[in-house]
Amino acid sequence: MDIQRIVLFAGLAIVSYLMVLAWNEDYHQPQTEQVAEAQSSSDSSATNSTDDMILPEDNNAGGEEFATPETGSLASTSANSDQDLADRFITVTTDVYELKIDRVGGNVVDSSLLQYDESLDSEQPLKLLTNTSTRTYLLESGLIGRDGPDGSQAGEAPVFQAETGSYQLAEGEDELTINLVYTTDSGVAITKRYHLARNSYQIDVSYLIDNRSESPWQGNFTGKIVRDQAPDPTSQASMGIRAYLGMVISTPEDPYEKYDFEDLSEKRVNQSVTNGWLAFLQHYFLTAWIPERDQKAQFQTTRRGDLHVMGFVYPATTVAPGETAEVGATAYVGPKIIDRLEALAPNLDRTVDFGWLFFISLPLFYILEWFYGLVGNWGVAIILLTVLVKAVFFHLSATSYRSMAKMRAVAPQLTRLKELYGDDRQRMSQEMMALYKREKINPLGGCLPILVQMPVFISLYWVLFESVQLRHAPFMLWIQDLSQMDPYFILPILMGASMFIQMSLNPTPPDPMQAKIMKLMPLIFTVFFLWFPAGLVLYWLVNNILSISQQWYITRKIEAETAGKKY
């Protein structure tokens, strides 16, 4: 019996340890409380900083750095100083996006995700990219280098022209293309093209260079993510645990390398990569750049004042007079949806970080998603998943409950042994083991199902915590977000009550101290579960109800079989 309780308590300790400590060590990054200094305006901040992206050595042997002006700069000889701000930004609307593109530089400075609310009680769409006086998060791209309009030593940015100030994906259309045009003083026509598709968070960015001048044109394509150091606005802490906030670089040699704000502040990345990607991650969402397949790129990080800049630069593209060329890359600005990310680039789906038990979490997620497709409710899908898991462990649980039922049946004999050999623990232990052997009882049998199901429990926690599909997912009545704690603590209380009923079916430990501890377990678990996601508490509650039914049936059966047996 002592061994059984030790294993049980050890198992419970493992649950606490793995669910809190592992997340804190591997995934939780302390979120800085210091937001980047407020800018008096996006225009004024743009003129005060330089963003230095080092060109690849093969076309910049001298190591010269070309300043790339940040989005928002109005310093351009081509710009109209009286241009209204309303005319400066181009609005692009699809079924999933509302984007704002700055004509100065042609960069995406704002993105609203139309299918995701800012918060549970808000009807405003979630903003991922933004450029305000207090927040900066941008998707930039440009042409730098010798002749690149974004790489002039004067720090000027090209001012693009567009056919209209508003583009919208029309009904019946599946694709939308936005062409921004700029002509250099030497006569080189540059078209910056954005291509978007229906039901897609993929943004294809390309430059078409038409060299109408008399000299060869040379420039380097670059893509960047620019972000301040503000905390994650979409983070939904659970048990004080927050999702990873920071940068990730993927290369064939190192498919998933993290750089948090501290790393980005202390060291500068500068490495040549082919077939890789870089991204900035926050809870449920990410922004990523994926260079073209088999295209060599120089991945870099740097600072722009208080802002972090992470990006890449292609080797130089040379366009002879009278010739044309096209160069570009793919961006992703949106939710962490495994299937979409998996199709976009190798290892990009790993940004949905299910932890070291991913080999359990991933199948659980796909099964849960399949159930949701059948019933259309994530809460009901969790219940069906619980039934399935219970069915998988049915025989193991039955063996455990039979062992506990037999322990309950021989409880009077155990009490008698304690009375006879209470002062001789060694003799008492020998007699107890002899009794277990005679009655074919496994003293560890009652703990085994709990230990075996722990990985499932922990994996489901990560599924609920990381899956954007469960963000703001309602169940019924007062449960409107399964990824967050029950606001009224009703589910944890019901779970505690079910655990109390289940404990009453177990044999009473002969040790009074153990008996008191076991009586307190439902209360301890209830308090522990108060801050768990409602979906996880729902899983545990349904599992308890199914376990009670199975255990009650087996206990009654064993008691009937041993009713006339004397010890």
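Keep in mind that glycine also has a Cβ here, set from the backbone N, Cα and C atoms.
Swiss-Prot has this to say about the protein:
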- 3-23: transmembrane segment (TRANSMEM)
- 32-80: region 'Disordered' (REGION)
- 40-52: compositional bias 'Low complexity' (COMPBIAS)
- 70-80: compositional bias 'Polar residues' (COMPBIAS)
- 354-374: transmembrane segment (TRANSMEM)
- 378-398: transmembrane segment (TRANSMEM)
- 445-465: transmembrane segment (TRANSMEM)
- 485-505: transmembrane segment (TRANSMEM)
- 522-542: transmembrane segment (TRANSMEM)
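Sequence-distant residue pairs (6 or more apart) of the transmembrane segment (522-542) and the transmembrane segment (354-374) include fewer than 3 whose Cβ atoms are under 8 Å, leaving the two stretches without contact.
If you look at the transmembrane segment (485-505), the same-chain residues 6 or more away from its ends with a CB under 8 A from one of its CBs are 238, 404, 408, 478-479, 518-519, 521-523, 525-526, 529-534, 537-538, 540-541, 544-545, 547-548, 551-552, 555. Outside the transmembrane segment (378-398) by six or more residues, the chain places 364, 367-369, 371-372, 448-449, 452-453, 456, 460, 469-470, 473-476, 479, 482, 535, 538-539, 542-543, 546-547, 550-551, 554 with a CB less than 8 A from a CB of the stretch.
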